[in-house]
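Take a look at the structure below.
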């Protein structure tokens, strides 16, 4: 390898030892008889100090010719000294330019010169050199790591379902059509039907992390047309509240994992991530509408709570209950998909729930209808053709246990966790209504 150490691996035990560091030139300072170079790598900054009397003439002449963002590798001796900004410096013995950068740069990777979001996204490879941007994606990586760890610890089995499908998951029109040889097909908007089929196999508890595709024309700070979904399905449940328990514990596990393993990144972002308060409050749909009505926001019974309503409710729960995460459940059946189980004693209400985080829905789930005849009728009630769902319905004919699950939006979870205002900030190459490149 071209480097022996990242910047954060240089400790006092290495004082007087030879190391090799590599990265991008962040800053050069020429004070005549002494020259400085600050090199940035994935983990931080390294100071290279080149006194004329201690380095070769070749290195001394090379340093002033460096440009910001040149890629370099430096071999030298570590010197811990209070005179260095970072507490240590490297006196270079070898200094190699691996690649020159063109100038001017399309944006400033330090973030000192502000750039529009579109400019940043068009040049994402430079944007990520900004420590604050990189911190987001290090946290994202650990969120996915924590999620997998949680599921495996809880006895879940990881599955991978098709992303090219023949029919709509929920009967909607918000699908991206594609040509599949002589057939018409679509990009999957959810693994919903497939993870439910898995409940008839005996696997009992499954999860998947994968992209989903939704042809919604929303162009907002909270919508993407390609996003990552964290899906789970659990067999042999008694009711939807058991699924809510799993989702709550998953989200808490992920947040606390970031708190423990991303202290440096949170410090870079100047953000204090608080431990979630448990248990998450569980607010019925009717109660949510009552709260909103008291706040001057009227929503007709049976309709979804809109963006404004979510924000108002989020503010109310924060100010009055001191919580950022809470469930809304017991929704009107007409507001939820065909596969959600209704209450037998009150069929206008169903066993669905949403998880809200700081006024944004980050997850939906519920107990599913596992009884074949009832499910068939619910498909018809939604105006859908059962023949389009034959592959799915077949699994319900031969022994389908009671089950439930959820889908959790990874980007929404991360943007709310870090209190970031635009969902495009937390995915590398966003796909939205107007962005297809890069």
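Cβ from N, Cα, C; glycine included.
Database features (Swiss-Prot):
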type    : residues                                              : note
BINDING : 170, 214, 364, 368                                    : L-aspartate binding site
BINDING : 214, 215, 216, 222, 223, 224, 361, 409, 410, 411, 412 : ATP binding site
BINDING : 361                                                   : Mg(2+) 3 binding site
BINDING : 361, 364                                              : Mg(2+) 2 binding site
REGION  : 192-195                                               : region 'Aspartate'
SITE    : 85                                                    : site 'Important for tRNA discrimination'
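Locations of recorded Swiss-Prot features on the structure.
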residue	record	Cβ within 10 Å
85	site 'Important for tRNA discrimination'	10
214	L-aspartate binding site	18
216	ATP binding site	14
223	ATP binding site	17
361	ATP binding site	19
364	L-aspartate binding site	20
368	L-aspartate binding site	28
410	ATP binding site	23
412	ATP binding site	23
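Note: the region 'Aspartate' (192-195) comprises 4 helix, 0 strand, 0 coil (DSSP; helix = H, G, I, strand = E, B). The CA atom of residue 410 (ATP binding site) is located 12 Å away from the CA atom of residue 364 (L-aspartate binding site).
Of all the recorded positions in the record (85, 216, 412), the one with the smallest CA separation from residue 364 (L-aspartate binding site) is 412. DSSP assigns residue 364 (L-aspartate binding site) to a strand. Summarising model confidence by region, the region 'Aspartate' (192-195) averages a pLDDT of 97. A separation of roughly 26 Å, to the nearest angstrom, links the Cα atoms of residue 223 (ATP binding site) and residue 368 (L-aspartate binding site). Nearest by CA distance to residue 412 (ATP binding site), out of the recorded positions 85, 214, 368, is 214.
Looking at residue 216 (ATP binding site) and residue 85 (site 'Important for tRNA discrimination'), their Cα atoms lie 50 Å from each other. Across the structure, residue 214 (L-aspartate binding site) and residue 361 (ATP binding site) are spaced 16 Å apart at their Cα atoms.
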